Amino acid sequence: MCSVLRFQRNMASWVKRHVFTFDLGDIQEKRGSDSGSGQSRSTADRYFNAVFGLGLLLFCIVCMAYLSPFLGSDLPQCRSVTMYPSYALVQGFDRRFSRLGRKYHLYLYREAGKDNGFSDDNEIHLDGIPVLFIPGNAGTYKQVRSIAAATANLYYGEMRDALNNNNTKNLDFFTADFNEDFTAFHGRTMLDQAEYCNDAIRYILSIYELSDKYRASGEPLPTSVLVVGHSMGGIVARVMTTLKNHIPQSINTILTLSSPHSTAPATFDGDILKIYNAMNAFWESKFRDRDKDPFYAENVSVISITGGVLDSVLPADYTSLEGIIPSDNGFTTYTTTIPWVWTPIDHLAIVWCDQLRIVVAKLLLELVDRTSASKTRPLPDRMRLARRSLLSGLESSASADFHLWDNEDYIFQPKVAPGALTTAQEMSPILLNVETYDTLNEYNYLAIPHNEPNLRFSLLTSLENLEELHILFCQNYNEHNSNGPIEYSSRCVSPSQDFIHVPRSFENSKYPSESSVGSASLPFKALHFNQTLLSKYDFIKFRKPSKSSFKDEDFVLVELSTTDWQTTVNCNPFQLLLSSAKFAHNASSAPFIQTFRFPYLSSSLVSYKLDVSYTGENLVFEPFIAQSIDSPFETKWHLRLRDSVTITIHSEAPFIPFESHYDKSVKLRLIAPPDCNINLSLSINWYMTLKFLFIRYRLAVAALPLSLVSFVLANQFALYYSSSFFPDFSTTLRAVTSKFWLKLTLSSILLTPILNISFIQRLIHSLDPSGVNSPFLIRKKNIMTAAYYLGIREIFMCWIGPLLSCITLSLVYMLAFGISTLESCVRRVSCYMSTAISKTRMKEIWLKDECEYEEGLVLRRRIGSGIMILAVVLYVPYQLVFVLLFLVQLNTVIKLNINYFNTKRHSNLRNYNSSYLLLMLCVLPINAPMVFVFLHNFGRRWVTSFRSHHNCLAILPIILLVCDNAGLRIPRSHCIERISKLITIGSFLYLSLYSVIYGIRNLFWAHHLVNLISGWLLFTSLDLTSNN
């Protein structure tokens, strides 16, 4: 007992010395200074006003930056689409086949005039390959129409011969109708959708078993379904494989559009986080333990496509598959990377953007195989097709997919005399256009040197018809003749299948998408081979095309170079704070495709500005830049370099795990015409950097204000316990700012490096009360992540902490000012409308020293509490009751100001209830999404199971405390043990610390902490010695 008392005294002494060092006199002095007119403001007030003004200014700048339009390559360039949709309800799929058959529905899409319609028996006889489309959060089943229509038009149209698949077949698109459910906010809804889709796949496969057309065709019946998911629909597709009703091997190809694979976009519901952990653990184990179940490693492919910077619904970084799906089974790509698309796309447009839907439709038709029961090609062929269709072809890993590796369609040519070969050192880039056509030999032979690590072959052309371009890669070949001596010849192959498409860049070109699919202009074609591939061959034979194939602006540029093609620019963000990084392209010594690598610029949070100046007249094309990152596969093309270029990247992002051994460097691949010297300067674009803070830290708007409000409440209760006076929130906030703001700012800076220490991460993980965070670092050594605080790994980004802190202070003060303004208005209105009699009566009833309640009011509060508890147990989620309690607390604050009395007890009641109202206001955004889900389901006349949200204990303390507040009681400041006071203060401090460290990724748990604190406040407000 003595040791416990000694601990209490020591703890109280430490708190008094180090934490709450301002006293009541300071607060009262500030109150008097605020109320007195003409008095000079104190230094503390000026300090607070400076911090508040700075935060408000930063908030306005961030909002203005967020609302400002994108420029250059980040501008949206999607074209509108036309289609003739029709939807056939699959009426047979009802509650007999799925318990959710009344809530959800299944439709079959038919493109009018293309797909087979109803037959004479008023049924649709399917003969294609099944595809299931899963809409996303609040999505509709009709979103399937764009991709499905493009697939039908491509298959039944004139472009069918362009498909690289002799075994392709028409696709039957089924689409799920989820009544626009909010999948991202409610875990139970996500599980329901996954369960329904598994039942739908079972039913879809049974339809084909009954199809007369399929039996007549002699083709094997389908055993799997291709799945296309938009937004959260892509996550539903992956969750499907983890459920018990999943049919084994029924899914082997998943294509997702803007789906947040790596982390949940919203953390309002703990079930969502648990589902993500279980899903990612399941998929990771399937690829890790391939000996037990080889199906996933040998058959399943997952492709993630994201729209990039224009996606304002969720950060594009969240779509990464890194660390979840091996590179042999899937990858993430950006629409700016995809050939023939080359434009960023917003979250909704990604399902209808004309350029993308054509590419996706072509890919789907090339992935399928009607002769296989799985109806898809083998995994290596699917992945190779996906990489060729969705990646730029300039990635470091792209050479593995070139046909030049294993091309055996040999063309035998006569032996070339050694004197006809031109070495790379003797040769300048070969430029062929209308002006130089007659100066070039008809045949040109380029000798390929060996043991040259920097050897590169590059070709760029604007010719429309590649058949006019005759280029061969040859080996010296000895042909044995049985009737005579050995004959020497050359064995050559054509690289025609390895050409990649890059955006057109002439003087009148503005945007990369101007040469995308369906445009009037055609893109450039290019070849780019490294030394490893070239080492298989001895020389290159190039024959110039016919002169009639050249238009005035057409050109062919060929180069075999041994010059170092990559330049490393060793600048870091700290150096860019002081000056810009300058580098140059020298046309006389550098290859026309030169790469500038920035190994220390890898943060997705920082945007850069690139200023370019170049010289040269009559350039055959305008220089352009391919900005790229190898993981994830993001390439962005920049034209019109005379204007400032904005560099935005998606590499190392907050809260996103990444593999540490991958190269995260930013690469700027400059493609320059001959005789064009270029100077480049790179600096930080602060305005665009602030623009991207909002999309990545939206959840901080709920977490950080709750932290500050809790910290101020801890100080309010400390002063209340020491003086029996409960100060108002705004005044305490000013005192806290003047006393602790420098310390808090320093802490917000130091938290970033501290929480990146491996030992600290493990410690924080072990102390996490929610138990839903599962940092990849703990499971795999090569996976890095920062799951706590702001999710930042770079020391340079430590400034984000103080910036968000200033903005948080401004937001909290404006909320407190709003409540104070409401109270002031209520008092003024009450002053005019209330009579002296009613005031006297209310004083007698409400503000008796012994708090003698009217029995009628007490009875009504008890009945109301019982109804709310019963409603939570039987029907509504506790989040809805929280919203109602917020309104009750607001009513209490209003009533306290309607009957205003200038007494200490009334002041305590008013300040305490106003502060608690502000605390509830900070928790309200956390609970609001679940209320939307409930009201949406209620409107659809269906009650989705809220299993984890019917726990009355999750709201009971708040119910009782709010009702207790309505009875005008306040936690006692006297006759209370010292340890109880420390528990109250410590609880608020813990809530404040939790909201900072865990809050952004665990918002749902903040409600439970507030609930526990409310229970404790209720306990301290009880007078256990009283009969009441």
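The backbone N, Cα and C atoms fix where each Cβ goes, and this holds for glycine too.
What Swiss-Prot says about this one:
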type	residues	note
ACT_SITE	S231	active site
CARBOHYD	N166	N-linked glycosylation site
CARBOHYD	N299	N-linked glycosylation site
CARBOHYD	N530	N-linked glycosylation site
CARBOHYD	N586	N-linked glycosylation site
CARBOHYD	N679	N-linked glycosylation site
TRANSMEM	51-71	transmembrane segment
TRANSMEM	699-719	transmembrane segment
TRANSMEM	740-760	transmembrane segment
TRANSMEM	799-819	transmembrane segment
TRANSMEM	867-887	transmembrane segment
TRANSMEM	915-935	transmembrane segment
TRANSMEM	948-968	transmembrane segment
TRANSMEM	979-999	transmembrane segment
TRANSMEM	1002-1022	transmembrane segment
Most crowded position, judged by CB atoms within 10 A, among N166, S231, N530, N586, N679 as recorded positions: S231
In sequence order, the recorded positions (N166, S231, N299, N530) whose C-alpha falls within 10 A of N679 (N-linked glycosylation site): none
Contact check, the transmembrane segment (915-935) vs the transmembrane segment (867-887), 3+ Cβ pairs under 8 Å, seq sep 6+: yes
Touch test for the transmembrane segment (51-71) and the transmembrane segment (979-999), at least 3 Cβ pairs under 8 Å: no
Cβ contacts the transmembrane segment (1002-1022)/the transmembrane segment (799-819), at least three under 8 Å, sequence gap 6 or more: no
Contact call for the transmembrane segment (799-819) and the transmembrane segment (699-719): at least 3 Cβ pairs under 8 Å, seq gap 6+: yes
Length of the line joining the Cα atoms of N299 (N-linked glycosylation site) and N166 (N-linked glycosylation site), in Å: 21
Most Cβ pairs under 8 Å with the transmembrane segment (740-760), selected from 699-719, 867-887, 979-999: 979-999
Length of the line joining the Cα atoms of N530 (N-linked glycosylation site) and N166 (N-linked glycosylation site), in Å: 31
Surrounding CB atoms that lie within 10 Å of the CB of N299 (N-linked glycosylation site), all protein chains: 18
Non-local residues, at least 6 beyond the ends, that sit with Cβ under 8 Å of the transmembrane segment (699-719): 15, 19-20, 23-24, 27, 266-267, 725-727, 729, 732-733, 735-736, 790, 804-805, 808-809, 811-812, 815, 911-912, 915, 918-919, 922-923, 925-926, 971, 981, 984-986, 988-989, 991-996, 999-1001, 1003, 1006
Non-local residues, at least 6 beyond the ends, that sit with Cβ under 8 Å of the transmembrane segment (979-999): 8, 11-12, 15, 700, 702-704, 706-708, 710-711, 713-714, 717-718, 721, 751, 755, 764, 768-770, 773, 788-789, 971, 1005-1006, 1009-1010, 1012-1013, 1016-1017, 1020
Pairwise CA distance, N166 (N-linked glycosylation site) versus S231 (active site), rounded so that it is a whole Å: 32
